[in-house]
Amino acid sequence: MALMYFNNIDFYRNLLSSAYKDDEKEDAALAVQIENETLDTMICARIRPLSEEEKEEHHIPGILSNSSSKAVLYEPRQKFNGKPDSVKHGFSLHRVFDTDMQTESVYQEAAQKLVPWAWTGGVSTLFAYGQTGSGKTFTVTGITNLLIKDIMAIAEAEHRAIYVCCFEIFGKKAYDLLDDRRMFNIMEDSFGKMQLIGVQEKHPASEEEFLSIIQTSASLRTSAQTTKNDQSSRSHAVYRIRIVNKKNSEAQDGELFLVDLAGSEGSQDSSKHSAERLVETKDINTSLSILKDCIRNRTIWGLQQLDSSETAKKSIHIPWRSSKLTQVLKHVFGTQEDRVCKTVVIACVAPSIVDSGHSKNTLRYAEMLKVPVPKMKRPKDALVPSNWTNEKMKLWIRENSGTPAIDADILAGKLSGMQLCKMPQKDFISRCLQTTGVEKDQATAFYQKLWRVRIDSRQQSTTFTAGDKSETMQRPSRPKTARPLNTTPFQQRIKPGMCISMGKRSYGALFVVVMSPFGPEDFDGVGDERRFICAVFGPSMMTDAYELHIERQETFIVKDMEGEAFMEYDSATRYYYLDL
Ligand SMILES: Nc1ncnc2c1ncn2[C@@H]1O[C@H](COP(=O)(O)OP(=O)(O)OP(=O)(O)O)[C@@H](O)[C@H]1O
Ligand SMILES: [Mg+2]
């Protein structure tokens, strides 16, 4: 493509100069801005200006933005007869920031709205992606600095404590940029939230201190020279700003993630790399491709929820566990998240016609993300106990804890529904026992009841909205059809995946799932002596809920098996429930 351009510079100059005249700018920025205020996921593009080096090398811009939300890209091509040609591609996004737009405008129109969302306990995420040298670090750094200014100007007056951690993901490892690049682990806790284990959090007291923290961490980031950028970021940098409401201890902490991704490189860009750099480029491209898969599949999943027919729904796998980067950003793609995440994606593109191929891919992907993603609105779902206020939780305790009623003030105190639901069983029961006349059995049963309500509510009622906020719909609850009665004895139907009850043991009932027949003689036949390798379900902290231990496999003989069991997996708690 570059060769085609450089061999036919005059042809492309003429073509593009007439294109500039044709594509008159529409000034609809204000209308677009107002419309974008309400979006949960906003997809923008930013076209950086031509660099001095590119100008010296006679590059010309191959992308024109003729309106606030549209861009046209010219891609050099060759005709069959060898003559130069071009293909015109049009893109429509929520917002396109042209080369003359300053970072202040990008911040005001796209990123600023993330602040009030996180300020009130929400999760906000901004990430920039695109080819190496397209302006991601420039954009994210600029936005971070403006955002810090805004946050620190009001933090004190609005009783907020601000905490920040900065880390980079390099290959499959994560390094703490505030702790001398110490390696740390990212793990999922029992509530499905990703935890950064042992990462340093700083508590900046002023704007200056905050900016210097960001500068220090940026200087520790891994960078190297690429064909397109002398100071190319070779890692994904993540800044997490946590906003704690000091006045209301029950309020959830707000979180703001700012992500500057490493740039993707094409094969011709990396052709001169050393073996080590090639591995690094491969790691970057792999993690970016997993990120794209996650966003795409989350989008497809969201669209499926709008379709009321259960049959149209296929199981969608969102591979967020496949890379460290997507683990950190799980809140953006998770389908079981408690909180809605506001996300701003900035697709950064280099303007040169030489980079048209790369820019086309970046913009195509951005356009695909623009489809309205329906978001779960669990926080407003009155059925879910973790969304209850302290008053509502206390009322429910008084009415549902049996006789004598458990003292709601002792049990719930000032805790919100979310906090009580997160309380460890031991603490929960010991608080219940402080009510005169309440025995351990009653306390345990009540603890289990709260869990049951939590799980049922998650399964029964989920509200979604699609793009337009007014469009809400109720997910149709799957009718509980009676399981068809199978008259063939279960011993003759045993096959991999079937759950089996092995009867009572000293510690309770034993359930297993069939993995495979033990030997060739066990494949066919109906005999009671056949053996099967099975994985064992272990008990969990709740009655009738089990954890599957795939790694614990034992061989069981058919005559010892009691009957078929029906286990239902609940992704909210990640337990299997005995379906009676
Ligand atoms: N909007 C802009 N205005 C002026 N200069 C810009 C703009 N965007 C980027 N630049 C300049 O372009 C160069 C490359 O930008 P930057 O380092 O942000 O790219 P990048 O996308 O982060 O690349 P990589 O993926 O290699 O890290 C820098 O010198 C930067 O100052
Ligand atoms: Mg960069």
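Glycine residues also receive a Cβ, built from the backbone N, Cα and C atoms like all the rest.
TrEMBL entries are annotated by machine, without manual review.
TrEMBL lists 40-372 with the feature domain 'Kinesin motor'. Per TrEMBL, the feature ATP binding site maps to GLY130, GLN131, THR132, GLY133, SER134, GLY135, LYS136, THR137. Look at TrEMBL and you will find 461-488 tagged as region 'Disordered'.
The binding-site residues near ligand 2, defined by a Cβ under 6 Å from one of its atoms, are LYS136, chosen from GLY130, SER134, GLY135, LYS136. In this model, the domain 'Kinesin motor' (40-372) carries an average pLDDT of 85. Long-range Cβ contacts of GLY130 (ATP binding site) within its own chain (separation 6+, distance under 8 Å): LYS136, GLY263, SER264, ALA347, CYS348, VAL349, ALA350, THR362.
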